[in-house]
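Q: What follows is a single structure, and I will ask about it in a moment.
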C-alpha cells in the first residue's frame with residue numbers, strides 16, 4: 001500500500017493517469033444518473049479533443065523553454081500565436097499563397113519571434129520572465145496594429161474550418177469515435193517530434209543538462225547559450241503552428257486570438273507545471289504534458305455539461321486553479337519526503 | 001560602541017537613496033513629456049495631467065506591494081484576479097446597501113488582505129515557487145470574482161468613491177487624491193524598506209533566504225507579510241479602479257493588470273531575481289507607462305500601440321540595468 005502511494009506521489013505520470021480515470025468515471029456515473037445536460041460518452045470526449053490541440057502544443061513549447069533552466073519561461077506564446085496568425089492571414093488569406101508555403105512562412109515567423117526571445121535571454125542575459133513579458137507586449141501590440149484591428153476572414157481562410165472537423169479513422173474507424181482532424185495534422189506530429197528531440201537526440205540530452213546545472217554543463221564543454229537559444233526558437237516554431245490551427249478553428253485570423261481573455265500563455269504554463277515540469281528546469285517529460293492536457297480537457301468538457309449557461313466556464317477556472325495549487329503543494333511535499341518527483 | 005562607528009556601518013550597508021535607474025527614468029519621463037508638450041499643446045494642461053496621475057495611481061499602488069514581493073525573490077501574478085474580486089465585492093456593497101466611503105474602502109482593503117493571506121500562506125508554508133501558486137490562485141480569484149458578478153455587469157454604482165475619482169471631488173488644490181495617497185504610501189514604503197530592520201529583512205530574503213534564516217530573519221513570516229501587504233494595497237487600488245470608471249463595472253476589470261504592474265516594477269529597476277529594488281522606481285515606472293499610453297492616444301495613434309512602447313521600455317530599462325551590473329562586476 002505504501003509503495004503504491006509512493007509511486008503515485010513520485011511518478012507524476014501515474015498520478016495523472018489515475019486522476020484521468022477518476023474524472024472520466026465520475027462524469028460517466030453522473031451521466032448515467034442523468035445529472036448532465038448532454039451525454040458524456042466516448043463521442044463527446046473525442047470531439048472535445050479539438051481543444052487539446054493548441055493547449056498541448058503550447059504546453060510542449062513551455063516544456064522546452066522551462067527545461068532549459070535559469071528561470072526559463074515564455075509569457076509571449078499567446079502573443080506569438082496572434083501575430084503569426086496575422087502573418088498566416090496575410091499570406092494565405094490575402095496574398096493567395098498556396099497552403100504549404102503559407103504554413104511554412106507562419107511557422108518560420110513564429111520561430112523568428114522565438115529567436116528574439118532566445119537572443120535576449122540566452123545571449124544578452126535577460127531573465128526569461130522579463131524578456132518574454134516585453135515581447136508579449138510588443139507582439140500583442142503589433143498583431144493588433146498591423147491590420148488596423150481587423151480580423152482577416154477571406155474565403156480561403158473560412159474554408160480552413162475543415163481542420164477542426166472530425167474524421168473517421170481508416171481500417172477500424174467504424175468501431176471507435178470520430179477524431180478531430182487537427183489531432184493528426186498538427187498535434188501528433190508535434191508530440192512525436194518533441195519526444196524524438198528530447199529523448200533521442202544529442203540536443204535533447206544537452207537541454208536536460210543545461211537545465212539541471214548550466215555551470216556544470218559549461219565546464220563539460222556544452223554550448224550552453226546555443227542550446228538555450230534554440231529552446232526558445234523551437235517554442236516560437238510550435239507557437240507559429242498553433243497560429244495556423246487557431247486560424248482554422250476560428251475560420252478567421254483574429255488579431256487578439258492568443259491574448260484575449262486570459263490569453264494562451266497562462267493555461268500553457270499551467271499544463272506544463274501540472275505535467276510535472278519543474279519550474280527550476282531540467283525535469284519534465286512529454287508524456288506528462290500530454291496526460292495533463294487530457295486531464296484538463298476532459299475535466300473541462302465534463303464541467304461544461306454539469307452546469308447550465310456560463311457557470312460552466314467559471315467552474316473551469318476553479319478546477320484549473322485548484323488542480324494547479326494541489327499539484328504544486330504535492331510537489332513540495334514529495335520533495336521533502338521522497339527527495340523529489342522523477343518526472 | 002560609539003555613535004560614529006554606527007553611522008559608518010549605516011553608510012556602508014545602505015545603497016544610495018536614489019539609484020541610477022531612477023535618475024534615468026526621471027530623464028526619460030521628462031523627454032517624453034517634453035516631446036508630447038511640443039507635439040500636442042493640450043498635453044501640458046491640468047485637464048490632461050490630472051487624469052494621467054489618476055490612472056497611474058492603481059498600478060503604482062499595487063506596484064509598491066509587488067516591489068516588496070519581488071525584492072523577496074517572489075512574484076504575484078494573481079493581482080489581476082484579486083483586483084476583480086475586491087472591486088466587484090465593493091461595487092456590489094455600494095449598490096446594495098449604500099455604505100459610506102470609509103466602510104467601502106475598509107471592506108475592499110480587508111478582502112484584498114484576505115486574498116493576499118491565501119497567497120502568502122501557500123507560498124511561505126507550502127514551500128512552492130511563488131509563480132506557480134499565484135498562477136493557480138489567479139484562476140481561483142477569477143472564479144470567485146465571476147461568481148460574485150453573477151451574470152453580466154454591476155450597474156448603477158453610486159458616486160460614494162468620487163473622493164478617489166477623476167472628477168472635481170477627487171482633487172485637493174488640483175492634485176488628485178488617488179495620486180496623493182499613492183505618493184504617501186510609496187514614501188512610507190521607501191522609508192520602511194530602507195531605514196528599518198524589518199524592511200532590510202525583505203532584501204536579505206531575496207539575496208539569500210537560507211543565509212537570512214541563519215542570520216535570524218523569520219523568513220516565512222516576512223514572506224507572508226509581503227503578500228498580505230500586496231493584498232491590502234490591491235484592495236485600496238480596487239477602490240481607485242471603481243472610482244475611475246463609470247457607474248458600471250464589467251467583468252473585464254483587473255484583466256491583464258498583473259502584467260502591467262510587473263512591467264512598472266521592472267522598468268523601475270527592481271531586479272526580478274530578488275534582493276534589489278526600490279518603490280520609488282516603481283512609481284516612476286508606472287508614471288512612464290501611463291504617460292506613453294496617454295501620449296499615444298493624444299497623438300491620435302492606435303491606443304494598442306502603447307503596448308509596443310511598454311515592451312521596448314522593459315527591454316531598455318532592464319538592459320541598462322544588466323549593463324550596469326556587468327560594469328560593477330568588472331570593476
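Glycine residues also receive a Cβ, built from the backbone N, Cα and C atoms like all the rest.
Not my notes, these are from TrEMBL:
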type     : residues  : note
TRANSMEM : B:23-44   : transmembrane segment
TRANSMEM : B:51-71   : transmembrane segment
TRANSMEM : B:102-125 : transmembrane segment
TRANSMEM : B:131-150 : transmembrane segment
TRANSMEM : B:171-193 : transmembrane segment
TRANSMEM : B:224-247 : transmembrane segment
TRANSMEM : B:259-288 : transmembrane segment
TRANSMEM : B:308-325 : transmembrane segment
Q: Suppose I define contact as three or more CB-CB distances under 8 A, residues 6 or more apart in sequence; do the transmembrane segment (B:171-193) and the transmembrane segment (B:259-288) meet it?
A: yes
Q: Count the CB pairs under 8 A between the transmembrane segment (B:308-325) and each of B:23-44, B:51-71, B:131-150, B:224-247, then give me the winner.
A: B:23-44
Q: Using Cβ distances below 8 Å and needing 3 or more such pairs, separated by at least 6 in sequence, tell me whether the transmembrane segment (B:51-71) contacts the transmembrane segment (B:224-247).
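A: Stretch pair touches.
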Q: Take the C-beta pairs under 8 A between the transmembrane segment (B:23-44) and each of B:102-125, B:131-150, B:224-247, B:259-288. Which stretch has the highest count?
A: B:259-288
Q: Quickly jot the same-chain residues contacting the transmembrane segment (B:102-125) by Cβ under 8 Å, restricted to those at least six beyond its ends, or write none.
A: 65, 74, 76, 78, 82, 85-87, 89-90, 93-94, 133-134, 137, 141, 160-161, 219-221, 223-236, 238-239
